[in-house]
Amino acid sequence: MTYGGRDQQYNKTNYKSRGGDFRGGRNSDRNSYNDRPQGGNYRGGFGGRSNYNQPQELIKPNWDEELPKLPTFEKNFYVEHESVRDRSDSEIAQFRKENEMTISGHDIPKPITTFDEAGFPDYVLNEVKAEGFDKPTGIQCQGWPMALSGRDMVGIAATGSGKTLSYCLPGIVHINAQPLLAPGDGPIVLVLAPTRELAVQIQTECSKFGHSSRIRNTCVYGGVPKSQQIRDLSRGSEIVIATPGRLIDMLEIGKTNLKRVTYLVLDEADRMLDMGFEPQIRKIVDQIRPDRQTLMWSATWPKEVKQLAADYLNDPIQVQVGSLELSASHNITQIVEVVSDFEKRDRLNKYLETASQDNEYKTLIFASTKRMCDDITKYLREDGWPALAIHGDKDQRERDWVLQEFRNGRSPIMVATDVAARGIDVKGINYVINYDMPGNIEDYVHRIGRTGRAGATGTAISFFTEQNKGLGAKLISIMREANQNIPPELLKYDRRSYGGGHPRYGGGRGGRGGYGRRGGYGGGRGGYGGNRQRDGGWGNRGRSNY
């Protein structure tokens, strides 16, 4: 018998050895779950609505009254592997030290060191091994036992450290222990992410590893029409990955609800707060039963994120991989050139000549404004470089196309603004070039972290101008911590009187010789009808028609 696209005979009860029976699990009688005192299906959320299609302000339920009416659920699935159990405290301490791992909280499970030790059921473990991973990352070694134990948790680790699988795989186990969705039910797992690009990437991982369990997922984000997302939600999805604003839209018009959510993930919590999503996050979380399991993931641990965790996590445990001090990956070579605005264009060409010596190069260039993105891209294409731009003025279809062209290497140069690039995770980026420096040191670290991921090496090049002097001291500190060469021209900005500002890196490897211009992009060098010096930008390279 099938129900809602999921095979009723797909039996996960053989997972009993990991935590007893799951109170019926996903193959139990759904009628017992649907026999709720509040009645009916969940469409319309708490309190219902008289007009299903009209936006209604979300009201926080009275959980003292509502929670006793809801069915109980299982969230602790962790059974410690005997190899893990037999490790001594000194061995565990040494492992955590080697992986720069800091923990806080009580009754924290020991870290695992192999996929088999995690205790995932075969239907999850087989998917992981099929991807060819050698061993878990540091955050996964400690994060999986934490998440599988059902505890609220905070995970702090650098971008690209494997955080997505740290919550995705335990989420799949969690779903398979719950009763099946009934018509009108919302998701069981909700993942909130700051950007549509990150949301789509999370969806890709959920689809890949949830396939064997026939788990459905839906990605809900702004910038595109709601119609397809509404259809997907109406069919029922165990996992919803969403940006906060669009999810609130869907909740207010009654197209989904959060009454079945028992596993909540806040991914890149620091970025969501940086982007001003705190009110939306609080409004969403208030709609979710308070006995849920909540997992918060972040690259940094500022006071705003700490406060959010204090307000919504219950007796959390925490793991941090790396220092709490802001730092850059030591796999990244940081090169900084102190330049004028008029020198940037020549320096950019120099580094592209170097990067292009690698036949599989990918270079991500950051600019400060949408206009500058387009200007740089136009100039590069006229000069024969295969460049495309991505920023907020482009519609979602074009953004997706540009990202795909960059990802598969057909256009190995992408120019982006910070907002457009947030959440983008593209494998194999060799170079990051900060044509314009970001507004703060955190964004600098986040930008250059697009290269040098998952053990690979990368190069970050930054053009630092006099206007960026406020970032000088912090930039130098980041470089020193990573044992980078600091150019003498930058050292004059090493003054503690400068507060937060913008780092500007530039740098130079010498070029490796000529680069044959690629055909088929743009229209040669002539005929550009504009002054390249507008926006303080291109300067005069002595070429005709510029």
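Cβ coordinates are placed from backbone N, Cα and C, and glycine is handled just like the others.
From a predicted model like this one, the values you see are computed outputs, not experimental measurements.
Looking at the stretches 223-226, 259-262, 267-270, 447-450, the one that Swiss-Prot records under the feature motif 'DEAD box' is 267-270. When you go through Ser83, Ser88, Ser104, Ser234 in Swiss-Prot, the residue listed as phosphoserine is Ser88. When Arg85, Arg525, Arg532 are looked up in Swiss-Prot, the one carrying the note omega-N-methylarginine is Arg525; the rest have no such note there, which does not rule it out for them. Swiss-Prot marks one residue of Arg26, Arg509 with the annotation dimethylated arginine, and that residue is Arg509. If you compare Arg23, Arg30, Arg504, Arg512 in Swiss-Prot, the omega-N-methylarginine annotation sits on Arg512. Sequence-distant contacts of Gly162 (ATP binding site), defined as residues of its own chain at least six apart whose C-beta falls under 8 angstroms from its C-beta, comprise Pro136, Thr137, Ile139, Gln140, Ala454. By a simple count of nearby Cβ atoms, those within 10 Å, the most crowded of the recorded positions Lys163, Lys474 is Lys163. For Thr164 (ATP binding site), the count of additional Cβ atoms within 10 Å of its Cβ stands at 23 [all protein chains shown]. Comparing Cβ neighbour counts within 10 Å across the binding-site residues Ala157, Ala158, the minimum falls on Ala158. The two recorded residues Thr159 (ATP binding site) and Lys474 (ubiquitin cross-link) have their Cα atoms spaced 20 Å from each other.
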